[in-house]
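Notes to accompany the following structure.
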Amino acid sequence: MILMEDIIREGHPTLRTRAEEVKFPLTDEDRKLANDMLEYLINSQNPETAEKYGLRPGIGLAANQVNSLKRMFALHLEDDNGELLSFVAVNPKIVSHSVEKTYLPSGEGCLSVDRQVPGYVPRYARITAKFFTIDGEEKKLRLKGLPAIAFQHELDHLNGVMFYDHINQDNPFAEVPDSFPLNGE
Ligand code: N9Y
Ligand code: NI
């Protein structure tokens with residue numbers, strides 16, 4: 001199972017490297033990685049398991065974070081209708097997005113960043129995403145709210161981008177044009 005010691009931190013070059021497309025069918029190793037990443041999120045959100053293994057809770061995890069350059073990430077969270085969104089996205093992309101942006105008013109964090117980085121991280125408010133499942137099935141999803149933010153945070157990892165790259169350097173809490181704060185966090 002994936003533990004905190006397996007998650008690489010800021011300064012590791014893999015976090016700044018673009019991950020490579022995954023070929024289908026997935027190898028046994030790719031499949032194990034995909035399943036392990038989703039399992040980490042589930043374990044980390046279970047208070048007993050998180051405590052037992054010292055896991056920091058996460059709603060998303062990208063392969064770069066476990067030092068693998070495969071274009072895949074896991075998400076495990078509820079959308080604003082309380083529906084569970086739990087999947088591994090392979091070779092994900094955003095095919096369209098709103099002009100309108102959103103941001104978490106308390107900013108973002110990252111399992112690979114052991115410090116608080118204050119500031120708004122502008123994200124598209126709504127996205128249409130395409131990706132492949134572990135079994136090679138193509139999916140098209142419309143996301144908004146926290147799932148849309150999380151999808152963009154994870155896709156950034158696959159491109160070697162960190163959340164704080166998007167923070168306004170002069171004024172971290174400067175008003176973001178054409179945006180609204182996402183509440184509920
Ligand atoms: C794990 C991150 C991904 C999220 C950061 C912002 C959107 C996606 C993660 C650090 C510790 C807390 C946790 C988190 C959360 C947020 C809102 C509502 C409920 C993947 N990561 N976290 N970041 N939890 N829970 O770095 O899940 O933000 O790349
Ligand atoms: Ni992250």
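Each residue, glycine too, has its Cβ placed from N, Cα and C.
Predicted automatically and left uncurated, TrEMBL annotations should be read as such.
Sequence-distant neighbours of GLU154 (active site) (same chain, 6+ apart, CB under 8 A from its CB) are GLY60, LEU61, ALA62, PHE73, LEU75, ALA89, PRO92. Secondary structure at GLU154 (active site), taken from DSSP and collapsed to helix, strand or coil, is helix. Residues or ranges marked as active site by TrEMBL: GLU154.
Within the same chain, residues at least six positions away from HIS157 (Fe cation binding site) with a Cβ under 8 Å of its Cβ are LEU15, ALA19, ALA62, ALA63, ASN64, GLN65, PHE73. Residues or ranges marked as Fe cation binding site by TrEMBL: CYS110, HIS153, HIS157.
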Cβ neighbour count (within 10 Å, all chains shown) around HIS153 (Fe cation binding site): 24
Remaining residues near the recorded Fe cation site, that is with C-beta within 8 Å of the centroid of the site residues CYS110, HIS153, HIS157: GLY60, ALA62, GLN65, GLU108, LEU111, SER112, GLU154, ASP156, MET162, PHE163
